[in-house]
Each structure stands twice: as structure tokens, then as C-alpha cells.
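Below you'll find the structure, written out as C-alpha cells, and then a few comments.
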Amino acid sequence: MAPSLGRLVQAALESLQEVSVDQLEGDLVSVLEEHLSRGLVVGAKTLADLLAAVVGRRDGDSVVPGAVEPFADRAEQYKYLCGKTLFDAREYRRCAHALEGCTDRRSRFLRLYARYLHGEKRREEEQLELGSGHGSVSPQGTNAEIPELLSALRAIEGADGSATDDPYLLLMRAQLCRACGDINDAADCLAAALLMRPALWSAWAQLLEVGDDIGVVVQRFEAALAEGRFWMFGLFLAQYLADHGEMQLALTMYTALLRRFESSALLLSQLAQIHFNLRDFDTAAEALREVRAVDPFRLEGADLYSNILFVKEDRTELGALASHCVSVDKYRAETCCVIGNYYALRQQHEKAAQYFRRALTLDRSYLSGWTLMGHEFLEMKNTAAAVEAYRRAIDLDPQDCRPFYGLGQAYELLGMPHYALYYYKKAATLRPTDSRMWHAVAQILYELEQKREALLCFERALSCDAPDQKTLRRVADIAWELGDAERAVPLYEQIVERQVRANMAFDPLGEGDVDCVLRLAAHYFQRGEFGRAEEYASLPMEPKDERRRELLHQLKRGIADAKRARTGGPHSVRHAETLIRP
């Protein structure tokens, strides 16, 4: 049986505490050099950020030796240098050709990876060509190089077996298996690579994308985790928890990671994302301001900061952020996203959509661009385009709740509540601690006359956040409609108590609160608790509606009659039945 998430977090925290700074440095330096020599730039950026955070705590009096692998001969070295130069220049086909016949591990991986990237480049070009013809999003297409790359890996394995003892070739095989939809083989390859090279961050990152169950992951690495060799499992677990909606546990993990990697811009950005998901915008903004202080020209996370400023409606700061991003790199997806949010805040939705589209032209895999463009299309009532944008976002990351929520909104606008319900439920499953998701599910269920199910979902929304008056009132009203007074009355009492406590000037209660008071008074009147009934009926209120005024008048008269007779009597009960009827 898989261990609980709490136990996994505890084990990961212990592993982080036990690993020495020397081991952290040694692992990060060697794997970073391996990543750089093989052109794995994205993984290298993560490793470099962590290494800088570790080195920042050193006195600077020692040097960690590198782990550069020696070449067999000069010819191999020169061929590699030539191929790596072409790779860095993004001439991937030339790079692969230059490294043909090389046996060095770096050269062999770089040749295969260059061919893979060439195939990805051609696929994206075909997407753009297809999409530009009719103005919509084209299908994702396939990488034509994959079959030959799989054959090449099989040939290497058949020749000397090194495809199974080289963690980077296993990483390549996993990437190809994922592209073919063979998730199980991909997970097996990643597990084998990590058992050989526990600090191979690119493999951990791919394992997150494979979507393997955490219990299966733990079973694969049970012995290594027990030995404490997998300190990087903590980084994986933190992101896994965030991706699966376990925000409080993720918060615990990132806080602990920042104690080991103090002032890491990457970890601070991820911590900000957790606070943003928890709707703690001020703390999220503070974390991102710290990122800007540490690394002022970093654009990763600028889009998240712009989302926060959009929610806070801080137009001045958002404009300043947009200007700064343009000065750093005008043609980055994050910069276009920030500008798009700026125009969205100004209600210039067509301009906002234009910049989100520009972000996607620069980076077709930019998740936030698809989601935010969907939002803008919704604002412009272009639901068909919004649905298409949200679906592309889901293709990129099926664990992100935002496009599912957006699809729910789109289908709600289209008058298709059953479709809306499906997508809202999916969003709530992905983000079970977000009250907004449960509100949306509950509202659709109520409209579909599934009131008992709606009541349960509204109660779930209440459990996610501090109870607010609006949701309390909604739960109480539905319970009242269902004839469940025992469920509704405590909530009505809580609502009225809050309002009375907040009403220091003793002003008349609002119309919504009048209904709560009338129902409470009627409930206690019918039960024969005339003192409680009179207490509620005597609260300061001035019903504007004729029906409410008449009900209040009847109720007060019934209470007076009952107090004189010390009994309710059938006449008074009839008044109460009228009052408590929904």
C-alpha cells in the first residue's frame, strides 16, 4: 500500500535535512555540466538556479571540482565541439550530421537530441502553416523523426548495450515513448535513469509530466528513498503536490526547500504560485518582489506577477511591470502576457487577445497564453474561439484546473449546463481546496434541479475557506427549500448574529437578512419557543416588500396571542406554516 502524502512529505524533509552542502554542490555541479554538454538547457537552468542558491551561502574559499568526462581522443573531442557549436546555433540537422559516427556518450546523445529538436521544429512550422490558412488553431501534428530515433536507440542497444546503462539515452527513450503515447515504458525508462543518476533533474521533470501515481513512483524508488540518496525527490514531490491540488503540503515542502536553497528565484516563484492558488495574493506578490530583487532581469514569473496585479486591479504597477519586461526582452512570451493582462485590465479585450496570440506565436507550448486568450474570447462573447483555446491549454497540461473552469464558463454561456457541469466537476477534482470550483458545480446543479447535490457542493465550498455570508445564506436557503430546517436554522442564526454584531448603529437589517430573521422567528414560533421567536421578530428591520411586511405583522400578532394564551393554537400555527414555506 502506498504511504500517505503526509508521510512522504516527512520523509522528503528528513532527506533534505540530512544531505550535506558538499553533496548538494557536488551533485548539482556534475549534473549541470552533463546537462550543458548535452544541450539540455531547460533542465540546466533549474540546476543552475539551485547551485547559485547553495553557493550564495558559501564563504567562497573553496572550489568544487568539475565532473567533465574525458574524451577518448582528439578527433572525438573536435567533432563534439563542432556539433555543439551548431547545436547552440540551432542548426539541428547540421549538428546531427556533424556528429554522425561518434561514439562518445555526449556526442551520441547530442546527435539524437538534435534530430528530435529538428523534428519538433518542423512540426511547429507545419502547425503554423496549417493554422494561418483559416485563422484557427491547427492540430498538434507529429514529430516525423521519432520512428528513426527509436530505431537508432535499438541499434545502439544491440551494438553495445549502452542504451540501457546511459541515463541520458534512457531519458531520450522516455521522451520518445511519451511522444508515442507509451506512458508506461516512458515511466520505466525514467525510473531506470534516476536509479543511475538520482540528481538528473530532467528525468524528474519528465516524470511529473508522465503523470505516474505517486504510490507507483515511491514503489519504484523505495530502496533508494530509504537510503537517503534521493534528496532531489523533495523537489519532485513539491511540484507533484502543487500539480495535484495539495496546496498546504506543497507550501510545507517549498518552505523547507527554501531553507536549503535560500533566495532561489525558481523556488520563490513556485512558492508565489502556491500562494496565488490559495488566493493569498499579498504573500504571492511579496515573494515575486523578492524574486525581482534577487534576479531583476528574470522574466519567468513575470506573467504570474501580472496575474496578481490584474486581480488586485493595480493598473499603475502593472504598467510599470510591462515597461520593465519590454526593456528586458520585448519578444518573450512572458512579456506579451504581461502586456495582454495590462490591456485586459483596461477592458481593451481585443488588444489583450492580440498580445496573448503573439505570446503563442513565440511559444506554442505557453500554457498561460492559451488560458488567458480563452478568457479574453469569453469577454468578447466569442465562445467558439474560447473553447478552442481552452482545449489547447488542456492538451498542454491536463492537470491545470483553469482551462477546465473556463470551458465550464463557456458552455454555461452557450446554455449547455450538462457540459458546463462536466468541466466544472473536472476543475473541482483538480483543485479540491478551491471554493470557486465547488461554487460553480453547485450553481449548475441547482439550476438542473439537483438541489440535494447542490447543497453538498455548497457545503464543500464552505469547508474550503472561512465561511462568507453569501455562501452561508445559499446553503441555508437550499436546506430550507428542501424542508431541512435543522440544517438551515443554525446557519441562519450564524448569519443574523454576524449582521447584528456588525450593525453597531442599529440600522434596519437589509432585505436579504429580513428573510433569515422571518424564517428563524417562524421556526421557533412553530416549536412553541415564543421567547426566541419574539427575539428575532423584534430585531430592527423595515421590509420593503408587501408580502414580507404582512408576514412580519402576522408573526408579531401570533406571538402576542400565544404569549397571552401561553399556547400557540391552530390559528397561530397557520401563520407560522405560511412563514416557513419557501
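Placed from the backbone N, Cα and C atoms, the Cβ positions cover glycine too.
Now, the feature entries from TrEMBL:
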- 73-272: domain 'Cdc23' (DOMAIN)
- 265-298: repeat 'TPR' (REPEAT)
- 333-366: repeat 'TPR' (REPEAT)
- 367-400: repeat 'TPR' (REPEAT)
- 401-434: repeat 'TPR' (REPEAT)
- 562-582: region 'Disordered' (REGION)
| task | Would you mind listing the long-range same-chain contacts of the repeat 'TPR' (265-298), meaning Cβ under 8 Å and 6+ residues beyond its ends? | result | 46, 49-50, 53, 238-239, 242, 247, 250-251, 254-255, 257-258, 304-305, 307-309, 311-312, 328, 431, 433-434, 465
| Looking only at the repeat 'TPR' (401-434), what is the mean pLDDT? | 95
| said: Given a Cβ distance threshold of under 8 angstroms, which distant residues of the chain, six or more beyond its ends, lie next to the repeat 'TPR' (401-434)? | reply: 244-245, 247-248, 277-279, 370-371, 374-375, 378, 381, 383, 386-387, 389-391, 393-394, 440-441, 444-445, 447-448, 457, 464
| remark: Other same-chain positions with a Cβ less than 8 Å from the repeat 'TPR' (333-366) and lying at least 6 residues past its termini are 124, 127-128, 299-300, 302-303, 305-307, 309-310, 313, 315, 318-319, 321-322, 325-326, 372-373, 375-377, 379-380, 396
| field | Helix, strand and coil counts within the repeat 'TPR' (265-298) (DSSP) | value | 27 helix, 0 strand, 7 coil
